[in-house]
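Written below as structure tokens is the structure these notes are about.
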Amino acid sequence: MRLRANLVIGGTLLTAVTAIAVTAAFWTPYAPRAVNLRRRLNPPSDLHWLGTDEFGRDVLSRLMVGAETSLTVAAVTVLVAMAIGVAIGLLAGFFRGWTDRALMALNDALLAFPGILLALGLLTVIGPSKWGIVLALGLAYAPAVARVVRGSVLSLREREFIEASRALGNSELYTLWRHVLPNCVSPLTVLATSMFGWVILSESALSFLGLGVPPPAPSWGNMLSTARPFLESATWLSIAPGVMIALCLLGTNLLGDALRDLLDPRT
Amino acid sequence: MIGYAARRSLAAIPTLLLVAIAVFLLMRLIPGDPAQLMLGDAASAEEVQALRRSMGLEAPLPLQFLHWAGAALGGNLGRSITNGEPVLPLILSRFSVTAAIVLLAVALATLVAVPLGMLAAWKQNRATDLAVVAFATLMLSIPSFWLGLILLLVFGVKLGWLPVVGFVTFAEDPWAAAAYIVLPVATLVLIELGGMTRMARAATIDVLRLDYISHARAKGLSEFTVMRRHALPNAFAPTLTLIGLVLGNLLGGIAVIETVFTLPGLGRLLVEAIFQRDYPVVQGVMLFVAGIYVVVNLLVDLAYPIFDPRVTAE
């Protein structure tokens, strides 16, 4: 019962946000960067459903484009983290010995930077931009992927079907790709779903700090950051972007719970 | 027990070393000459050359690292580029603000989350459980800085109960300081409650399946005694590990909360240093926070056997 509810509610929320993002790629009520100084800080009305910001820009339009930005950044970041993490994890788990020890030592050192600290450090080097965030968060989350993949590989490599593949004369690389990797898919799906949520949260936090998507391009994080000085005079600016982030994360968390129940019957 | 503690403590040393290497190399990845970066564009070629020599930048990279790490061990993390202050005292003064908020928030969140999670597990799959899990999942999905803004809006702006901007240290005026700290702490407690409650619930469900719980119940103990005396210690152990991770995550991500509440903490120091390209400060804060995180995890592992003695048997 709970599984079904999680799946339906989580799926609906994420589909809705995706639909908003796709729509924004083709159409928004107003141009998201169009400044209109005669309509500065207008409260929600028939003309502007979610009001206007300090430059008279339409909040709804910016919110929609923000969805596009957040989802793109999150999806590409997860792919980057997965690609790097899977490569490191497979190599470490399969070749063991010194390769494993060296890669895992590096991995553990990177995992010792809590939260977004590593991403903050990497952004110092890369510089803040949309793709800078993708690279910084991708590198920061790769060690977690590597750890999961290595664990699965270590438990898989002694199993009979891997022995059988070797005995048939298949190369190590072929065995790795054809037989080991497909068995890592279900833990990786669960991880990728949670990671999608972490990235949306981290991206909005970094943009809120001014280290993420640079204005005037809209993102939920930088919209909240510019809303802070207008907390008293223009309350609506602080509400909508936060609701969007929360709905996105709620969808991801519920879907993640559902996937964990489906793919990992242990719990 | 002593063997376990010694082994675990020794294992932290290579991690700390690798963290130091990672921080050192990260800052060397920045394009350009470090001496030039530290002095800024206005510096003359002679000044840059002199600093290069005093920083030991002519030496091979491993020697440079040893030089830097040796100084760091002695408490010398260099000087800030922007105001010339030594980095370590700067970090420590800002850390006192952050540490107070984070420790208070984690302690309060634990006190609420563990009983709440155990209650949900005890009532597994009933209305109480569903309500607790729904609340925890909702809290897990709200960004901390947004919750902070909303609390500020309600209690600071609309109701006017608490100040919206500013900070006073405890040494200056304890009552005023408390007023500034209430909202940030409340925000962090609510946010961390989500993950911790879910963890406490999952751990308790695992424990309640075990035979010794059935045995305790068969002895005729009351449900309250079974939960408190028998389930709590074993269910608390995994939550303790999570508390270590949460402490680290809060230290790593505290900048957003400090930005919302305009608190002069460690996170703000790091973000300001990133904006000003103040590399010695960035390097210092990263080393400091990662170091604290390693030590906190070590302490958690050392405390673990108190709740679950099986781990030392290995």
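Cβ atoms here come from the backbone N, Cα and C positions, even for glycine.
Sequence annotations record features per position, and here TrEMBL assigns transmembrane segment to B:12-30, B:95-118, B:130-155, B:175-193, B:235-261, B:281-300. The domain 'ABC transmembrane type-1' annotation in TrEMBL covers B:95-304.
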Among the ranges B:12-30, B:175-193, B:281-300, the one whose Cβ pairs under 8 Å to the transmembrane segment (B:95-118) are most numerous: B:175-193
In contact by Cβ distance (the transmembrane segment (B:235-261), the transmembrane segment (B:12-30); 3 or more pairs under 8 Å): no
Recorded stretches the transmembrane segment (B:130-155) and the transmembrane segment (B:281-300) touching, at least 3 CB pairs under 8 Å: no
Positions on the same chain near the transmembrane segment (B:281-300), where near means CB under 8 A and six or more residues out: 8-9, 12, 15-16, 19-20, 23-24, 26-27, 72, 77-78, 80-82, 87-88, 90-91, 95, 240-241, 243-245, 247-248, 251-252, 266, 269-270, 273-274
